[in-house]
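**Q** The structure that follows is given in the form of structure tokens.
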Amino acid sequence: MAISNVISVLLLLLVLINLSNQNIKGIDAFHQIYEELQSESVESVNHLHRPSFHFQPPKHWINDPNGPVYYKGLYHLFYQYNTKGAVWGNIIWAHSVSKDLVNWEALEPALSPSKWFDIGGTWSGSITIVPGKGPIILYTGVNQNETQLQNYAIPEDPSDPYLRKWIKPDDNPIAIPDYTMNGSAFRDPTTAWFSKDGHWRTVVGSKRKRRGIAYIYRSRDFKHWVKAKHPVHSKQSTGMWECPDFFPVSLTDFRNGLDLDYVGPNTKHVLKVSLDITRYEYYTLGKYDLKKDRYIPDGNTPDGWEGLRFDYGNFYASKTFFDYKKNRRILWGWANESDTVEDDILKGWAGLQVIPRTVLLDSSKKQLVFWPVEEIESLRGNYVRMNNHDIKMGQRIEVKGITPAQADVEVTFYVGSLEKAEIFDPSFTWKPLELCNIKGSNVRGGVGPFGLITLATPDLEEYTPVFFRVFNDTKTHKPKVLMCSDARPSSLKQDTGLLAKDRMYKPSFAGFVDVDMADGRISLRSLIDHSVVESFGALGKTVITSRVYPVKAVKENAHLYVFNNGTQTVTIESLNAWNMDRPLQMNDGAL
């Protein structure tokens, strides 16, 4: 017992030393603060691993997407941005606009710390279009005492489609934490919605000890806000709820999105939260009671760590908005870097936004489905296809005729019989990641693993596989389909640093895919862009984003394969692949 206690104390000291070395402090603990690095100027930008068709500023650090909105013919995206360096710090609201969600023009920054209610930071928030007033920003400001406050900003000229200049009125803040709340964990107001009782409502994330909390605030005039008596929802042991999102989905229309203020009987609500502790997100489907201002999850999936996710990979701080132009709900999300802090500084940039995705309720009514917006297909170039090609155990077939490091690949697999599927161990029911770590792409199975090998060298010294493995769930008598995106073999680079910031993060990511495979088919789409691989299983039922940094499998030296390591022969029923061109404009302008 004494030895055990000594070991525990030593481990605690190591953790504290590690935190101290990383300069993580106070309320900023949810971001790693490198005071000596956050203003280190960028002399040049290294393009070796830089994506070509994903949203990025020309240089420096980017994180949360903020305030996406469609207004007067333009898509607007604001985002957290470091004006001076490639690590987190000096954060402002940068601002870009687009006509097509593909080509982006950078404008002047919208918000930066300047007044007592945000002098310590202008953090994440949303935009609401208020009838008679135009767009209004709700955002989190940090005062000099490091207390988080909710503020608003208005456009100087609401008639300007570009919304170039914003004003922070002196009657801010509009919401402050009361004595029952944690003032250092009170942030990220959602887009507000107008209810039939005459009130506007917004949701703000928080925590009390280890309980994650979403508070609702109400207002009649969008200036004076009052906290509801009870949280709209909370959950023990989930920690701080960052970047909450709350929106309705239709139970009958599986093609169109709904605006926030839609009222109708055939709807469910979605509550998504970003978990500060894990840097993962999860969501539930449920019922929102307007009179009580309470949200009640259905209970069909876990409400907590093991819940459903928008994306099972490197994806965080996501934010949706309703696109009035095409009657759809669109999702943005941040994919951070996975290499070292030193590498980020040397290359002069860090972070990107994933390709925007449409959000719909699946026809099963049990989960959401996500798909890249159709506009991204305008970047498709050279095209190759493959049909009705069998892949036997141990085979891999190269996809030639495109640029594998910058591509869009869609493939439908036919597996036929599932008799050879391995028996599913029920202890992994809520542990897809652990199962993927054990059953990697090189571990032979019955039905699978099969899928794509992306960003690979010919000898597979480096590669990032995205694949399925089908199990037989004897409890449900249905197939259990595992989807993995495994970055462990993605790079030959060896990091020996003692601290996390000095080591490349090369994880596997995984999620189960809810398909019955009655017709023996399953689809996979991967968007490959140098250091990011976004993959969509079964038409978007399961999505995984990986960040990878090959040493050899870069640019024209990267290869793409289809593979099968299962004893069951798998057929490539159809494969369509395209080069992806660069957008004509990617944030050229004010930044």
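Including glycine, each Cβ sits where the backbone N, Cα and C put it.
What Swiss-Prot records for Asp64 is active site, and it gives sequence analysis as the kind of evidence. According to Swiss-Prot, the substrate binding site annotation covers Trp61, Ile62, Asn63, Asp64, Gln80, Trp88, Trp123, Ser124, Arg187, Asp188, Glu242, Asp276, on the basis of similarity to another entry. According to Swiss-Prot, the feature disulfide bond maps to Cys436-Cys484. What Swiss-Prot records for Asn145, Asn182, Asn336, Asn472, Asn565 is N-linked glycosylation site. Residues annotated as signal peptide in Swiss-Prot, with sequence analysis given as evidence: 1-22.
Burial and contacts for the listed features, if you can.
**A** Same-chain residues at least 6 positions away in sequence with a Cβ under 8 Å from that of Asp64 (active site) are, in sequence order, Tyr79, Gln80, Ser124, Cys243, Tyr316, Ala317, Lys319, Trp334. The DSSP secondary structure for Asp64 (active site) is strand.
Under 8 Å, Cβ to Cβ, and six or more positions away along its own chain, Arg187 (substrate binding site) finds Trp123, Ser124, Thr140, Gln148, Val204, Gly205, Ser206, Glu242.
DSSP classifies Cys436 (disulfide bond) as helix under the three-state reduction. With a cut-off of 8 Å between CB atoms and residues at least 6 apart in sequence, the same chain places Leu482, Cys484, Asp486, Ser508, Phe509, Ala510 near Cys436 (disulfide bond), listed in sequence order.
Look at Asn145 (N-linked glycosylation site): DSSP puts it in coil.
Cβ neighbours of Asn182 (N-linked glycosylation site) (same chain, under 8 Å, six or more residues apart in sequence): Ser206, Lys207, Arg208. In the three-state DSSP classification, Asn182 (N-linked glycosylation site) falls within coil.
Remark: Asn336 (N-linked glycosylation site) has Asn63, Asn314, Tyr316, Ala350, Gly351, Arg547 as non-local neighbours, by Cβ distance under 8 Å and separation of at least 6 in sequence. In the three-state DSSP reading, Asn336 (N-linked glycosylation site) counts as coil.
The Cβ of Asn472 (N-linked glycosylation site) has Leu418, Ala421, Glu422, Ile423, Phe424, Pro479, Lys480 as same-chain neighbours under 8 Å, each 6 or more residues away in sequence.
Shown in sequence order, Met393, Gly394, Ser441, Asn442, Val443, Arg444, Gly445, Gly448, Pro449, Phe450 are the residues of the chain, 6+ apart in sequence, with a C-beta less than 8 angstroms from the C-beta of Asn565 (N-linked glycosylation site).
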**Q** Look up Trp123 (substrate binding site) in the DSSP assignment and reduce it to helix, strand or coil.
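**A** Note: Trp123 (substrate binding site) is in a strand by DSSP.
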**Q** Expressed to the nearest Å, what is the distance separating Asn145 (N-linked glycosylation site) and Trp61 (substrate binding site) at their Cα atoms?
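**A** Roughly 25 Å, rounded to the nearest whole number.
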**Q** Tally every other Cβ atom lying within 10 Å of the Cβ atom of Trp123 (substrate binding site).
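**A** That number is 24.
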**Q** Let me spell it out: for each of the recorded positions (Gln80, Asn145), count the other Cβ atoms within 10 Å of that residue's Cβ, using every protein chain shown. Which one has the most?
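**A** Going through Gln80, Asn145 one by one, the largest Cβ count within 10 Å is at Gln80.
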**Q** Widest Cα span across the substrate binders Trp61, Ile62, Asn63, Asp64, Gln80, Trp88, Trp123, Ser124, Arg187, Asp188, Glu242, Asp276, in Å?
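**A** Site span for substrate, by Cα atoms: 21 Å.
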**Q** Using a 10 Å radius around its CB, how many other CB atoms surround Trp61 (substrate binding site)?
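**A** I get 26 for this one.
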